[in-house]
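Trainee: Sharing the feature lines straight out of Swiss-Prot:
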type	residues	note
SIGNAL	1-22	signal peptide
DISULFID	CYS49-CYS62	disulfide bond
DISULFID	CYS56-CYS67	disulfide bond
DISULFID	CYS61-CYS77	disulfide bond
Amino acid sequence: MKLTCVLIITVLFLTASQLITADYSRDQRQYRAVRLGDEMRNFKGARDCGGQGKGCYTQPCCPGLRCRGGGTGGGVCQP
């Protein structure tokens, strides 16, 4: 009888602690996703692109342009 009561109390305690922990971690993930989205939006590589005639050795070309050339100095963004 005592063992049964101890087991029931233990199960209730573990269930309650898991519910509390799950509720806390769910909120943390939500904030983490928002923070990661902000970091992706402000990432320097995501913002900068080379316009027509600009070098594409250190940064990618803007949409609609391709990196042409090469050699020792790198390529140039051209349509």
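The backbone N, Cα and C atoms fix where each Cβ goes, and this holds for glycine too.
Could you place the listed features in the three-dimensional structure?
Mentor: Reduced to three states, the DSSP call for CYS62 (disulfide bond) is coil.
If you take the C-beta of CYS56 (disulfide bond) and look for same-chain residues 6 or more apart in sequence within under 8 angstroms, you find GLY50, CYS67, GLY74, GLY75, VAL76, CYS77. According to DSSP, CYS56 (disulfide bond) sits in a coil region rather than a helix or strand.
Around CYS61 (disulfide bond), the same-chain residues at least 6 positions away in sequence with a Cβ under 8 Å from its Cβ are CYS49, GLY50, LYS54, CYS67, CYS77.
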Trainee: Counting across all protein chains shown, how many other Cβ atoms sit within 10 Å of the Cβ of CYS67 (disulfide bond)?
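Mentor: 17, counting other Cβ atoms within 10 Å of CYS67 (disulfide bond).
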Trainee: Please state whether DSSP places CYS49 (disulfide bond) in a helix, a strand or coil.
Mentor: coil
Trainee: My understanding is the cutoff is Cβ-Cβ under 8 Å with a sequence separation of 6 or more in the same chain; which residues meet that for CYS62 (disulfide bond)?
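Mentor: Counting only residues 6 or more apart in sequence, the Cβ neighbours of CYS62 (disulfide bond) under 8 Å are CYS49, GLY50, GLY51, CYS77.
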Trainee: Using a 10 angstroms cut-off on Cβ to Cβ distances, just flag whichever of CYS49, CYS77 is the loneliest among these disulfide-bonded residues.
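Mentor: CYS49, out of the disulfide-bonded residues CYS49, CYS77, has the fewest neighbouring Cβ atoms within 10 Å.
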